[in-house]
Amino acid sequence: MGGRPNPTATTRTQLRAATNEDTAATNEEYVKTAVEDVEFAALVNSYRGTRKVPTATKPSEEFNRGLLEQTDGDEDSSRLPCVRTAVEDVEFAALVNSYRGTRKVPTATGQSEEFNPGLLEQTDGDEDSSNLRLYQQLYGYATQGKIDSFKDTIERKLKADEVHDPNAGVRLLSRLSPHKNTFLHIAASFGHAKLAAEIIHLHKPLLYEKNFEGDTPLHITAKTGDLDTASTLLCETPGAENADEVFMLLTSINDEQNTPLHEALIHGHQSVAKCLIEAYPAFSFYLNKEAKSSLYLAAEEGFDEIVKLINKKAVEKKPEVRDNGKSPLHAAVLGRRNNEILKIVSSMVEIFLSSKDEKGRTPLHSAASIGYVEGVRFLLGRRISDSHQMDHGGNFPIHSASSKGHVKIVKELLRHCPDSKELKNSNGENILHVAARCGKDNLVKYFLKKGEFRMLVNQKDRNGNTPLHLATMHHHPKVVYRLAWDTRTNLKLLNDRHMTALDITESTLETIASYHGDYNSMADVVHLKWLI
């Protein structure tokens, strides 16, 4: 301590003098607690400029040292500033205490009337403990749905504090759990509709409070799928007859930018989703963080009743309603392959049919890529021109089908558009090139059996490669075998690098010979050398 005297007695005298005008501060117990708070404040000050947090509030040598450093100076000339600093730090400590148990951070330390009542309240340890015990009791009632017990407890609190603290009930109802849930969040999460209604009656602003994830009580209800609670929250909306109030509740978004309707559909709760759509149909088109509207989600999940309801209720058809470039028609194709939804969505807005996703693919591209025969047939019937639309990768729908080996899709496309067999992608590849490059033996076999495709066998792409070159380069021995054995195949054709298919195979083997060997390439060599 360096020979310095213990400051507690001196500070006590100074504090009495500084707070003499405040009659409430002359109480001995208050002064005793205030001195302890001065010492707590000293520790806070000693940590200023750091990220450390004080963890104790009772007097200690560490506190005394901090207080000495804070109040050290000319004993005769600086006594009053010392006391003033001590008083301000008492108030700072009060502010710190008033925020204990929350995530908020004190932002001021000055003297004010607002701080002093907080100090007086926090110095009563029994009262603070009583409030915490009361909160825990109410929390239990909220989880269990004990409406009478919850209501009676609140009423007793209001009655006890109605004279000296009329806002005590509101503060208690507004208290947050560690996850920032209110009592209304808790009641909603357990499906206690009647208790939720009572809580709203006691404090209506809780309807719009958000928890740690940005969820309102209605978001929570949409996730759990409790229809009674969802209806209760909507019916209890302040001024429910006013569309603006309902709009505010239904359009509130959480951290994922999901509305309650998004959450209901994501979690598969169609009954709650219907309730929300009935309340405000237009928000079926709002986009979330993933740029998905509720209509998109419904189509993606195959909820045909929801799609029908949106179609019926959403009076304004908005052509800009798409999801990151994809219309709900893409969702209908890629989701559950529901033909009914496909028909409904395609009839909603004309632009849905011609829309392209972020890769430039039309719904027909998507249907062709996944082998959705009925979808391809339907889309060609509605918009045959899409068969000649190229995506950002430079492929037409028939190339998408060929790359996946979908023989039935290729047949369907050619049935509607026979000239599609002549289409080449941006690399100059025909459909046989694509099938050979991707190793789709079944489709190559189909093309070679049909005489109408004979002109494709020896065609070259932009790099001078024939289908056989590509099959060899990508090590597809079955395809190499079929092409090499076809009498129409010219085995001696050179690409732009002046290489035959056999040259490519031998070059590949030389490159990888020092490793484990490429048995596919070896098979290619056997096939080609034997034929040549």
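One is the number of the first residue shown, and numbering goes on along the chain from there.
Just so you know, glycine gets a Cβ as well, placed from its N, Cα and C.
What TrEMBL says about a protein is an automatic prediction, not a curated fact.
Since this is a predicted model, take the numbers as computed values, not measurements.
Feature annotations, reproduced from TrEMBL:
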type: COMPBIAS; residues: 8-22; note: compositional bias 'Low complexity'
type: REGION; residues: 1-22; note: region 'Disordered'
type: REGION; residues: 53-79; note: region 'Disordered'
type: REGION; residues: 105-128; note: region 'Disordered'
type: REPEAT; residues: 213-245; note: repeat 'ANK'
type: REPEAT; residues: 359-380; note: repeat 'ANK'
type: REPEAT; residues: 393-425; note: repeat 'ANK'
type: REPEAT; residues: 427-451; note: repeat 'ANK'
type: REPEAT; residues: 463-496; note: repeat 'ANK'
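Broken down with DSSP, the repeat 'ANK' (359-380) shows 16 helix, 0 strand, 6 coil. Sorting the repeat 'ANK' (463-496) by DSSP state (H, G, I as helix; E, B as strand; all else coil) yields 16 helix, 0 strand, 18 coil.
Break the repeat 'ANK' (393-425) down by DSSP state and the numbers are 23 helix, 0 strand, 10 coil. Per-residue confidence over the repeat 'ANK' (463-496) averages out at a pLDDT of 95. Helix first, then strand, then coil: DSSP counts for the repeat 'ANK' (427-451) stand at 17 helix, 0 strand, 8 coil.
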